[in-house]
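A.B. asks: What TrEMBL shows for this protein is this:
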type	residues	note
DISULFID	Cys36-Cys117	disulfide bond
SITE	Arg63	site 'Transition state stabilizer'
DISULFID	Cys69-Cys74	disulfide bond
DISULFID	Cys123-Cys324	disulfide bond
BINDING	His195	heme b binding site
BINDING	Thr196, Asp248, Thr251, Asp256	Ca(2+) 2 binding site
DISULFID	Cys202-Cys234	disulfide bond
Amino acid sequence: MALKMLLFLCISALLSTPSLSQRHSPLNTAYYRKSCPRFEQIMEETTTNKQITSPTTAAATLRLFFHDCFVGGCDASVLVSSTPFNKAERDAEINLSLPGDGFDVVVRAKTALELSCPGIVSCSDILAVAARNLVVQTGGPFYPVKLGRKDSFVSKASLVEGNLPRPTMPMDQIIKIFESRGFYIQEMVALSGAHTIGFSHCKEFNSDLYNYNKTSQADPSYNPRFAQALKDACGNSQKDPTLSVFNDIMTPNKFDNMYYQNLPKGLGLLSSDRGLFSDPRTRIHVEEYVRDQNAFFKAFASAMQKLSEHGVKIGKRGEIRHRCDAFNN
């Protein structure tokens, strides 16, 4: 009888006790509820005001978030400035074109939060929530962002190359970069839909417009009229490297599924965009998102939640930076 009772108690304890992953879940949505009760309000006000003032902020922040998370995880390492002793991530060649608006919205939020609850909120949490808020503010889906990330102790330009997809990479290589971080092809296609807002510099696709091969000057996967329009827009890009074109020429400031609708028409700006439609592994998902914007929004929201928890630092593996562009002393 005593043995049965002991066994019953043990089983009851196992059923009622949270699993190890539940007990030690590194992030949760209520993380700042007591320590910084105005966190969500300050983030909402900061991102709204910045987006109204600079409508390119949403795309800039999304890109900054991707570039942060894909190199060592979502730990604000991309925000750190270089010093005479360390060339930081943001000075890696691929990151030199990251727009300033993304950095600025984080700095603004951090400044406001330090006044309200000093030393509490990490820069990595600020960037993750800013990206979500700005997706919503441009018409995209809401998704919950779990909180409690710490900021990295490391930011090195040498760790960047090969860890971020480039528009000129073959699809096999891009898929491998995503798969090595645990993302399925469908999630990769959904995350690519972030190109529904924002712009790209002409240098990112100039090689597709001129001397493409012996039989065609421009990449034949372009709509011919679109290719000519791009040549007109980028004709002076050698002298002016800041020249750029919207990623989605139809609804460039609205987060919608128009990016996918453009691809079958040859209106994908970057080689990697057009590759999503030409490769049968990815085309099936493009076609789904062309037909159904809700399916895209659902997939994008899910993939962004997953991305936002990739490689996060918790506990003593990170810190709460006093300012986002420098490690604490």
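Glycine is no exception: its Cβ is also placed from the backbone N, Cα and C atoms.
Heads up, TrEMBL stuff is auto-annotated, nobody curated it.
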A.B. asks: Count the Cβ atoms, other than its own, that fall within 10 Å of the Cβ of Cys117 (disulfide bond), considering every protein chain shown.
C.D. replies: 16
A.B. asks: Check each residue in the chain of Asp256 (Ca(2+) 2 binding site) that is at least six apart in sequence and keep those whose C-beta is under 8 Å from its C-beta; list them in sequence order.
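C.D. replies: Sequence-distant Cβ neighbours: Gly139, Gly140, Thr196, Gln293.
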A.B. asks: Measuring Cα to Cα, tell me the gap between the residue listed as 'heme b binding site' and Asp248 (Ca(2+) 2 binding site) in whole angstrom.
C.D. replies: 7
A.B. asks: Do me a favour and check the Cα-Cα span between Cys74 (disulfide bond) and Thr251 (Ca(2+) 2 binding site); whole Å is fine.
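C.D. replies: It is 29 Å, counting Cα to Cα.
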A.B. asks: Within 8 Å of the Cβ centre of Thr196, Asp248, Thr251, Asp256, which other residues of the chain have their Cβ, at the recorded Ca(2+) 2 site?
C.D. replies: Ile197, Met250, Pro252, Lys254, Phe255, Asn257, Met258, Tyr259
A.B. asks: Which one is it, among the recorded positions Cys202, Cys234, Thr251, Cys324, that lies nearest to Cys117 (disulfide bond) by Cα separation?
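C.D. replies: If we rank Cys202, Cys234, Thr251, Cys324 by Cα distance to Cys117 (disulfide bond), first place goes to Cys324.
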A.B. asks: Within its own chain, what residues at least 6 apart in sequence put their Cβ under 8 Å from the Cβ of Asp248 (Ca(2+) 2 binding site), listed in sequence order?
C.D. replies: His195, Thr196, Ile197, Met258, Tyr259, Asn262
A.B. asks: Spatially speaking, which of the recorded positions Arg63, Cys69, Thr251, Cys324 is closest to Cys202 (disulfide bond)? Use C-alpha to C-alpha, please.
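C.D. replies: For Cys202 (disulfide bond), the closest Cα among Arg63, Cys69, Thr251, Cys324 is found at Arg63.
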A.B. asks: Between the Cα atoms of Cys69 (disulfide bond) and Cys123 (disulfide bond), find the distance and write it as a whole number of Å.
C.D. replies: 13
A.B. asks: Spatially speaking, which of the recorded positions Arg63, Thr251, Cys324 is closest to Cys234 (disulfide bond)? Use C-alpha to C-alpha, please.
C.D. replies: Thr251
A.B. asks: Distance between Cys36 (disulfide bond) and Thr251 (Ca(2+) 2 binding site) at the Cα atoms, whole Å?
C.D. replies: 37
